[in-house]
Structure formats: C-alpha cells, structure tokens
Amino acid sequence: MDLVAQAKKNAGHRAADMVKDGIIVGLGTGSTVFFAMERLGERIKTEGLSILGVPTSHQTAMRAEEYGIPLTTLSLHPVLDIAIDGADQVTPSKQMIKGRGAAHLREKIVADAAKQFVVVIDSAKEVPVLDAAVPIEILPFAYGSVCKKLVELGGEPVMRNGVKKDGPVISDNGNYIFDCAFGKVDDPALLESAINSIPGVLENGVFAKMTEKTIVIVGKSA
Ligand code: 5RP
C-alpha cells in the first residue's frame with residue numbers, strides 16, 4: 001500500500017474508532033471513507049458493534065453490504081449522530097471542497113443532518129485557501145442557463161465526462177456534474193450561497209457552513 005493510501009487508511013480507521021454503539025452514522029463516498037467503513041465492518045464482527053448507516057451513493061451502499069454494515073434511510077432517521085466523509089481540499093478553518101466522486105449533493109444532505117461531521121483526509125488535502133474547481137450538480141434541462149450564470153459569477157464551468165470521455169457523468173440522482181474553476185476562493189460561504197441561488201443548480205461542493213460541528217482527521221502514513 002502506498003503512503004497516501006496508508007494515510008487514508010489511518011484517518012478512516014481513527015474515525016471509525018470514534019463511533020459508539022447504537023448510533024446512526026452517515027456514510028460518505030470515496031476511498032478514505034471506505035477505509036472507515038472497512039473498520040466499522042470489522043468492529044461489527046469482532047465487538048458486536050451495533051450501528052445503522054445512511055449511505056450517500058450507490059457505491060457506498062454496495063460497500064456497506066460488502067462490509068456487513070446495516071443500512072437505514074433519512075426518512076426513518078432524519079437526525080444522524082455522526083457523518084464520516086472525505087474531502088478534496090480543506091482549509092485551517094475547516095471549510096472545504098468536496099465532490100470529486102460526484103456524490104456531494106447527498107453528502108451535503110447527510111452532513112447537514114448529522115450532529116457531528118467527521119472529515120477524513122490525507123495531508124495533501126490541506127490547503128491555506130480553497131482553489132480547486134468546484135463540482136456542481138445541475139439539472140440536465142437547465143445546464144445551458146446555469147453555465148451562463150456561472151460565467152457571470154466569474155467561473156469557468158466544464159462538463160465532467162466519463163472515464164472513456166464518451167459522454168457526461170450522470171450522478172446517482174440523474175443529473176450532470178460540472179467542475180467550475182473560480183481561482184482562489186476568498187469567501188467560501190458567499191460562493192456556496194451564490195452558486196446555489198442559480199435555478200437549476202441542485203448543489204455545489206463548497207462546504208463552508210458546517211465548520212462548528214466539523215472535526216478533521218488527517219491520516220498518518222507511518
Ligand atoms: C465524493 C467526495 C469524496 O469524499 C472526496 O472526493 C474525497 O475522496 P477520496 O477519499 O477518495 O480522496 O467528495 O463526492
């Protein structure tokens with residue numbers, strides 16, 4: 001396992017070890033949170049840990065099945081005790097950009113529903129200022145008008161294509177994903193609100209308003 005994967009595993013396992021018996025856990029999407037889920041699965045088998053998870057993607061639901069983590073829904077459990085998720089960039093004030101896995105719409109809903117948001121990263125994700133392109137989930141019907149407004153906001157929207165460049169990535173919710181560069185983001189909360197105020201935007205990957213309940217775990221590789 002390379003050093004980055006070791007750091008992700010360390011972060012994921014430390015987050016999983018914070019999970020107490022009998023709670024409802026939001027399960028994010030991505031390679032780091034999958035390490036957390038692997039460890040939760042081990043704890044279920046060896047300690048009899050009893051939890052229910054709310055998955056943020058089909059991929060996460062499949063991993064939960066593989067690791068033996070029982071699932072529930074936000075309809076049955078609208079308040080979660082904790083959500084564990086990865087991130088693509090995180091600042092010292094715990095504002096972040098997420099959504100490389102195209103799951104940020106459900107990830108933000110689940111994080112918002114959680115009392116505590118535990119973000120698991122390797123140190124390469126730590127940045128002084130957010131500057132990555134912002135993933136944006138857009139209703140296909142509206143992508144033309146949304147892109148025009150994003151350009152007016154100062155962004156450069158680019159449709160995310162599939163691995164083989166054979167068409168747009170379609171989210172689990174049936175929508176397009178655009179990545180929109182804004183350069184250095186001086187006021188992430190303002191940008192988050194401005195993007196979401198465009199009709200046809202379902203959600204964007206700036207997470208700037210949950211800092212008080214956020215704990216960031218930076219994994220170590222040794
Ligand atoms: C998915 C995400 C992921 O949490 C983020 O991209 C980090 O992924 P990884 O842990 O694989 O580096 O936001 O939408």
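Just so it is clear, glycine is given a Cβ too, placed from its N, Cα and C backbone atoms.
No curator has checked TrEMBL annotations; they are predicted automatically.
The annotation substrate binding site is assigned in TrEMBL to THR29, GLY30, SER31, THR32, ASP85, GLY86, ALA87, ASP88, LYS98, GLY99, ARG100, GLY101, LYS125. DSSP classifies LYS98 (substrate binding site) as coil under the three-state reduction. LYS98 (substrate binding site) counts 27 other C-beta atoms within 10 Å of its own C-beta, drawing on all protein chains shown.
The Cβ of GLU107 (active site, proton acceptor) lies under 8 Å from the Cβ of GLY28, THR29, THR56, ASP85, LYS98, GLY99, each of which sits 6+ residues away along the same chain. DSSP assigns GLU107 (active site, proton acceptor) to a helix in the three-state reduction. Among the features that TrEMBL reports, active site, proton acceptor is placed at GLU107.
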Where the C-beta lies under 6 angstroms from ligand 1, the matching binding-site residues among THR29, SER31, LYS98, ARG100, LYS125: THR29, SER31, LYS98, ARG100
Where SER31 (substrate binding site) sits in the secondary structure, as DSSP reduces it to three classes: helix
Residues THR29, GLY30, SER31, THR32, ASP85, GLY86, ALA87, ASP88, LYS98, GLY99, ARG100, GLY101, LYS125 [recorded substrate binders]: greatest CA to CA distance in Å: 16
Most crowded position, judged by CB atoms within 10 A, among THR29, SER31, ASP85, ARG100, LYS125 as binding-site residues: ASP85
Under 8 Å by Cβ from ALA87 (substrate binding site), same chain, sequence gap 6 or more: MET96, ILE97, LYS98, VAL119, ILE121, LYS125, PHE207
